[in-house]
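Trainee: Relevant sequence annotations retrieved from TrEMBL are reproduced here:
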type	residues	note
DNA_BIND	A:17-56	DNA-binding region
DOMAIN	A:80-181	domain 'CoA-binding'
BINDING	A:91, A:92, A:93, A:94, A:95, A:96	NAD(+) binding site
């Protein structure tokens with residue numbers, strides 16, 4: 001668990017959406033933002049928002065709200081987004097290419113240094129300024145780059161074997177966009193991305209709106 | 001809010017991951033699964049899992065756990081995934097193309113009937129058996145298809161104007177993959193997808209594992 005309390009994970013997952021809204025308030029010149037405003041925007045309960053934000057150490061003032069600048073700094077520090085996170089991307093297909101162009105990541109310190117693919121037609125081509133290298137160069141290049149994070153966007157059939165090559169090459173954390181539950185040695189961090197959560201909320205809301 | 005309680009949304013978001021694990025248990029021939037097993041797999045607290053699953057009406061038996069078959073049915077029904085959800089996809093770029101090939105959706109009743117794009121080079125081409133139509137055909141084709149759900153994967157600069165065209169054409173729910181907060185009339189359902197949640201968890205875990 002790498003020192004993160006289980007109970008904090010749902011809160012950590014919500015912090016980026018809070019940050020997004022608070023940054024928008026800052027751009028509009030606001031100095032304070034209330035927990036209720038954040039809650040309304042995100043369809044959460046105000047008490048949940050206040051509880052979540054308390055994890056960053058910033059406490060709101062009654063009737064005034066949270067100080068915008070301080071709260072942005074506190075969330076950014078809590079998420080370690082004030083540091084640069086260097087990553088490689090494995091699998092430069094459609095999803096991989098989409099992620100290479102996702103500017104939200106860059107804004108929060110994530111830099112994709114290189115991509116790898118098995119498709120020879122992609123070698124040495126640049127996608128959004130990120131060069132695609134041969135898959136076979138992974139064991140040589142990952143230690144050279146000194147990168148600890150890999151974004152995994154290969155076809156699911158290759159997910160497990162690719163993860164093993166990555167870990168042997170020194171990768172400590174895998175952001176898994178395949179639908180495979182990876183088996184990894186203890187100490188290796190895996191974050192599995194699942195687009196079904198949003199689809200679940202949509203399905204329930206659409207069903208309820210009809211009834 | 002279309003009749004969905006705010007307090008239920010975090011639970012609804014977790015249900016697909018539960019379903020995934022319970023379906024795997026079923027494939028392994030298991031008849032019961034314990035809340036603790038589910039909790040361990042997902043790095044959640046067991047009490048959270050039991051509370052979440054209670055929303056479906058299925059209660060586990062002490063020491064034995066939840067009946068696998070019944071629980072799968074209950075979650076599927078709760079999420080309305082036993083019904084077919086027909087959708088269109090707007091913006092057949094990299095992300096759009098990746099989503100058109102995402103088999104998890106199909107397994108849970110989501111069918112993308114047609115895609116739309118402004119790029120003439122893509123017209124009438126099929127991506128994973130889904131035909132790409134001219135963007136300008138949206139107002140004619142959406143009522144013809146009788147589709148209520150649109151998956152929005154256009155560049156962010158075009159997100160708001162595209163949403164307006166979609167709503168005028170009869171779309172009732174938008175799955176928003178752009179980073180724009182859409183302004184929509186009340187009654188229109190918008191689900192915004194944000195990949196930053198997973199990145200937040202990864203960042204915090206990596207930072208904690210170093211300290």
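Every residue, even glycine, has its Cβ placed from backbone N, Cα and C.
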Trainee: For the DNA-binding region (A:17-56), give me same-chain residues lying six or more residues beyond its boundaries with a C-beta closer than 8 angstroms to one of its C-beta atoms, as numbers and ranges.
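Mentor: The answer is 8, 11, 64-69, 71-72, 74-79.
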Trainee: At 10 angstroms around each C-beta, which of the binding-site residues A:93, A:96 has the fewest other C-beta atoms nearby?
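Mentor: Checked A:93, A:96; of these binding-site residues, fewest Cβ neighbours within 10 Å: A:93.
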Trainee: Return the binding-site residues from the list A:91, A:92, A:93, A:94, A:95 for which some CB of chain B is under 8 Å from the residue's own CB; sequence order; 'none' if the set is empty.
Mentor: A:93, A:94, A:95
Trainee: Once the chains shown are all counted, how many other Cβ atoms turn up within 10 Å of the Cβ of residue A:95 (NAD(+) binding site)?
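Mentor: Around residue A:95 (NAD(+) binding site), other Cβ atoms within 10 Å: 23.
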Trainee: At a 10 Å cut-off from the C-beta of residue A:91 (NAD(+) binding site), count the other C-beta atoms across all protein chains.
Mentor: 25
Trainee: In the structure shown, which of the binding-site residues A:92, A:94 has the fewest Cβ neighbours within 10 Å?
Mentor: A:94
Trainee: Could you give the number of helix, strand and coil residues in the DNA-binding region (A:17-56) as assigned by DSSP?
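Mentor: DSSP composition of the DNA-binding region (A:17-56): 28 helix, 2 strand, 10 coil.
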Trainee: Sort residue A:94 (NAD(+) binding site) into helix, strand or coil using the DSSP assignment.
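Mentor: Residue A:94 (NAD(+) binding site) sits in a helix per DSSP.
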